[in-house]
Amino acid sequence: MAAFAVDPQAPTLGSEPMMLGSPTSPKPGANAQFLPGFLMGDLPAPVTPQPRSISGPSVGVMEMRSPLLAGGSPPQPVVPAHKDKSGAPPVRSIYDDISSPGLGSTPLPSRRQANISVLQSPLVGVTTPVTGQSMFSPANIGQPRKTTLSPAQLDPFYTQGDSLTSEDHLDDTWVTVFGFPQASASYILLQFAQYGNILKHVMSNTGNWMHIRYQSKLQARKALSKDGRIFGESIMIGVKPCIDKNVMENSDRGVLSSPSLAFTPPIRTLGTPTQPGSTPRVSTMRPLATAYKASTSDYQVISDRQTPKKDESLVSRAMEYMFGW
């Protein structure tokens with residue numbers, strides 16, 4: 001019986017080391033299952049899987065940012081580890097290029113400088129010939145002024161002012177009125193005839209100005225004070241001293257040769273005061289004084305007729321006192 005008691009224990013003792021040395025059999029009999037350990041939650045953060053955790057997001061970032069604390073360059077195996085795993089989830093963020101010295105900081109300045117140089121170099125090449133040859137060239141700047149004239153340069157004040165010198169003496173009795181339409185020239189001339197005696201005026205054929213010569217400088221200054229005045233509620237008139245020497249010289253020659261033409265016909269038709277130089281035209285018209293005398297001669301009072309007068313006798317006074325007449 002003792003032999004039978006020892007025999008069954010022997011194989012158990014011999015089989016126990018075989019079970020311990022076998023890598024495929026589980027440790028306890030109750031927990032023996034056919035599922036891997038990581039699916040059952042048996043992963044207590046072992047030490048051996050740390051080298052393989054480079055592909056993890058948290059450990060990978062730690063591996064990449066570790067050179068910042070160490071102050072050295074990142075290890076070379078880290079860079080190809082992310083390129084090989086194309087099907088795996090992303091290991092680093094899109095902003096890691098800026099924070100990582102090995103991957104982002106060092107190439108960024110070089111790439112930015114390259115981009116700036118590439119972007120700016122064609123701009124400089126394009127703008128330099130344009131600004132240097134076409135825009136700021138003295139020859140090109142002077143060409144448009146020679147070929148085309150601006151509206152200000154077509155103004156007679158611009159062309160006449162260039163011909164004046166410091167030695168020229170202008171007649172202060174001449175003024176230039178401008179800013180009115182051609183249809184209102186007679187109306188404007190009539191308005192300026194109120195400021196003084198107009199000896200002569202020269203109307204522009206195509207422009208909107210005319211030169212007026214007054215009898216005295218004081219009258220010309222009075223006309224100059226009307227610069228910017230509005231006539232007829234729709235016409236603003238400008239008045240400036242006349243600077244056209246040709247008009248002044250022609251006027252002086254005309255007065256010396258034929259003084260009767262000193263006053264032009266438009267002024268006579270507007271009813272301005274007549275001058276001695278206009279006597280040939282006035283002689284054909286009946287004077288106003290003669291017309292006045294002819295119209296009032298039939299209505300003069302005749303001295304022979306007796307006009308009724310009030311009776312101032314004593315009887316009439318007594319009757320007026322008594323009866324209240």
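Each residue, glycine too, has its Cβ placed from N, Cα and C.
Computed from a predicted structure; not experimentally measured.
Looking at 1-37, 186-222, the range tied to region 'Disordered' in Swiss-Prot is 1-37. Of the listed segments 43-68, 69-94, 95-120, 121-146, Swiss-Prot assigns region 'Disordered' to 69-94. Across the residues of the domain 'RRM Nup35-type' (169-249), the predicted structure has a mean pLDDT of 91.
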